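Asker: What Swiss-Prot records for C36-C107, C39-C148, C60-C95 is disulfide bond, and it gives similarity to another entry as the kind of evidence. Residues or ranges marked as signal peptide by Swiss-Prot: 1-23.
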Amino acid sequence: MAKSFVPLIAVLCVLVLPLAAMAVGTPFHIEGSVYCDTCRFGFETIATQYIRGARVRIVCKDRVTLKSELVGVAVTGPDGKYKVAVRGDRQDQQCLAELVHSPLSRCQEADPGRSTATVILTRSNGAASTRHYANAMGFFRDEPLRGCAALRKRYLADGDNRAI
């Protein structure tokens, strides 16, 4: 009885092998965006300006050795978005998209709360897609634009003007 299953199992293994090889060699595609926080609110608003030419890098850190490795770099396009292909499954490494540089002279200070974004670079988490999205990252403008106080009122809860 067991001998009758051996050819079937062998055929299944041969058929699955190319799929496994393709998955290992297929790069991950990371997408994200970079913006200038023109009101220094710490989040995107209708006054947000997306940055063309901002530089971003993808860095992975091994959780055991704590060694960091640069695995990708990108520059944002006209809409402030970047795309970068990263080869290799990073399994249990912690990977981050990090801001490197803003070409806008009045928007150079990285927002400490939005200067990095976690990216998942493993096929062992159940996600079938190789396309992954990083949270938007931002730089603060040196001085807020005029009209930011009025904009802040729009974003506050009804009647909560204490924060202004």
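Each Cβ is built from the backbone N, Cα and C atoms, and glycine gets one as well.
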Asker: Can you figure out which of C36, C60, C95, C107 (the disulfide-bonded residues) comes closest in space to C148 (disulfide bond), comparing Cα atoms?
Answerer: C36
Asker: What count of other C-beta atoms do you get within 10 angstroms of the C-beta of C95 (disulfide bond), across all chains shown?
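Answerer: The answer is 24.
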Asker: Out of these disulfide-bonded residues, C36, C39, C60, C148, which one has the fewest other C-beta atoms within 10 Å of its own C-beta?
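Answerer: With the disulfide-bonded residues C36, C39, C60, C148, fewest surrounding Cβ atoms within 10 Å: C148.
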Asker: For C107 (disulfide bond), which residues of its chain lie six or more apart in sequence with Cβ-Cβ distance below 8 Å?
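Answerer: Counting only residues 6 or more apart in sequence, the Cβ neighbours of C107 (disulfide bond) under 8 Å are C36, D37, T38, Q49, I51, F139, F140, R141, D142.
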Asker: List the Cα distance (Å, whole number) between C95 (disulfide bond) and C39 (disulfide bond).
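Answerer: With the alpha carbons as reference points, the distance is 29 Å.
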